[in-house]
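Features reported for this protein in TrEMBL:
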DOMAIN    57-286  domain 'Ion transport'
DOMAIN    403-682  domain 'Ion transport'
TRANSMEM  53-71  transmembrane segment
TRANSMEM  130-152  transmembrane segment
TRANSMEM  191-211  transmembrane segment
TRANSMEM  261-283  transmembrane segment
TRANSMEM  407-426  transmembrane segment
TRANSMEM  438-457  transmembrane segment
TRANSMEM  477-496  transmembrane segment
TRANSMEM  569-591  transmembrane segment
TRANSMEM  657-679  transmembrane segment
Amino acid sequence: MPGQGDRPGAMARRDLCLDQAVVLIEDAIQYRSINHRMDARSLWLHRRYYSSTSQWILSFTIFLILALAFVETPSSLTRTSDVRYRPDPWEAPCGLTEGIEALCLLVFVADVSVKSYLIGWAQFRRNPWLLAYLVVLVVSLLDWVVSLSLVCQEPLRVRRLLRPFFLMQNSSMMKKTLKCIRRSLPEMASVGLLLAVHLCLFTVFGMLLFTGEKDAGQDRERLTYFFNLPEALTTLLVLLTTANNPDVMIPVYSRNRAYAIFFIAYTLIGSLFLMNLMTAIIYNQFRGYLMMSLQTSLLRRRLGTRAAYKVLSSVTAEGEAHPERLGVKPEDFLKVLQKVQLDSDHKQAITEKLHSRSGGLLSADEFQKLFDEFDKRVIKEHPPRPQYQSPFLRNTQFVFGHHYFDYLGNLMALGNLVTICVFLVLDAHVLPKDRDDFVLGILNCIFILYYLLEMLLKVFSLGLRGYLSYPSNVFDGLLTIVLLVLEISTLAVYGFPHRGWKPAMLGLLSLWDMTRLVNVLIVFRFLRIIPSMKVCVQVRRVTALLLSQLMSLVASTILDLIKNMRAFGGILVVIYYVFAIIGISLFRGVVVAPRNSSLASDNGSAPCGSFEQLEYWPNNFDDFAAALVTLWDVMIVNNWQVFLDAFRRYAGPWSEVYFVLWWLVSSVIWVNLFLALILENFLHKWDRRSHLQPLTEEREDTSEMTEELPFRDVLEEPTEEELVEKLSRHPHLQLCR
């Protein structure tokens, strides 16, 4: 036993070990690496850095520096991007955005400094993301100094292209997704090579076929689509996306139906075979590497909890004769748990699980099982319903608190939506100023009164706290109150609906605008049916219709995709941002407004289907917001040949390289990755072992599996030997004994 003089040192070592366990458990919760410094000062800094406040500041800083593109020169602060009507935008004075950017860069400097200190210089040198982080910051600061020295008149800001890196380096899932893409590139390149060969061969065939001088159809085809090699390549590349089908075929097909064989064969091989083969390869590679990445995340969680166990068991073993027989004291674990940054519901669930076991020290297996609660989403118990003495009130409470009352509300919402659609169809050819909104106004009043009555009855049945404990009720209640306020305002300003109800505009909004706003909110309120679709299987028996089960599966898949879309949405933001900045540098100002603002003569002389005839003037790269919309229109590949033709004429033939690269990155790679995520998520849920629970059993559990780590139940648990080997190579972990 330690002497009295050693007691302060022993207490200090004990407190350090408890703090180490706290940090290790927090690392496990967030799937973070545990390879960082473990001394008292570093642990304090580590907890402050990963606190919710610090991470919120970092996330807001990333958002702020990315949003600067909307107000920097060229500014997007105009009502329209149409070159015919766009006024001169407000331009921020030199130094304003640069000052905000300097503050953001200082935050990032502090971020990389703290990270490099916490992991140590040896780990920092082996981390490519942190090294790249440092390089990006240095280049950005140098470019910022150049901007100020040139009084914000520099032709190119390199640092704008580097800003998306700050978003990528802050997300581990985005890094994993990028790694998946990088490792899938060889397989995608093989299919891309086949596509290139396919495109070149049919281009040569097309130029040989459509060079006839006697046949007017062939000559028209040649002059329009196969005039030269670049024109023919562009035509068939666009045909690969079917955007110009059947326009490209019509000139020769109208003369000889045999020419259709050429275009059908090209589309079958290219669009239906090779492009779908690309999708299959991306899905296969993505699924494999995503599982590997998620397996790494699971390993990090298990390493964190196992390291916490080793640290706490060393506290127990200090001074004991047989430390190998010891484990973790429950009281030490509870002290650590109280310090961990974790929501109270999970803390309570872990505490209850700990108290439910028999006494004694916690073994490694028992310690690990306690943290299985991390993989569950705790379902909060709703407050108890009010207790009424009157039998009539109790019966009323039972009726209006039953889930069938929710079905009635959904049916009423559907009826309201149907009435709006009917009147939209009936009044489609009537000008807004000539419409008589008498009947629709009466019906809206009735439905809104029902929504108010429904809300009050639910409050009566569930109690105010019980009503607010359901997110769907909060959603309904807020929209009901807004609808009621709008309806009262409409009646106060324009009076009660009557025949010929077409008063002049009073106040800020006309009667038509008020009616439209009410109808929009009513349609938005209809979204309340989605949670009902998700839980409809849970409230039915095994004999429920298969259609209901399928609807529930689809609804839950959509909701889970939204939860797990941060990494894929972040990748999309990155590629949009980079291509938008490049597009502004290349094509800013190339789309010029026509001389005549009415465009009557210009439209009359422009070829049918051209950029000018279709009035695509708002699609340009004159500011960041316009560039994003233009890139979106091209990604959809509907009429994207119009953009290729227009920018080839305005900026030169090299512009096609930019748009083809954008099509490859966005429509081919990212869209197929998104499709792979949807397929994997849906197929995973379709497996009866993962999504079809016994519906007849009593549901006494207060938790359900969370989707924080997708496909958790198909991942393999790391072995004991693997965990021990990883912990033995930890550069900073020193046990207390």
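Even glycines carry a Cβ here, placed using N, Cα and C.
Keep in mind the model is a prediction, meaning the values are calculated, not measured.
Note: the stretches the transmembrane segment (53-71) and the transmembrane segment (569-591) are in contact (3+ CB pairs below 8 A, sequence gap of 6 or more). The average pLDDT computed over the domain 'Ion transport' (403-682) stands at 78. When the stretches 130-152, 261-283, 407-426 are ranked by Cβ pairs under 8 Å to the transmembrane segment (191-211), first place goes to 261-283.
Across 130-152, 261-283, 407-426, 438-457, 477-496, the stretch most heavily in contact with the transmembrane segment (657-679), judged by Cβ pairs under 8 Å, is 261-283. For the transmembrane segment (130-152), the residues of the chain that approach it from at least six positions outside its boundaries are 73, 94-95, 98, 101-102, 105, 108-109, 112, 115-116, 119, 124, 158-159, 162-163, 165-166, 169, judged by C-beta separation under 8 angstroms.
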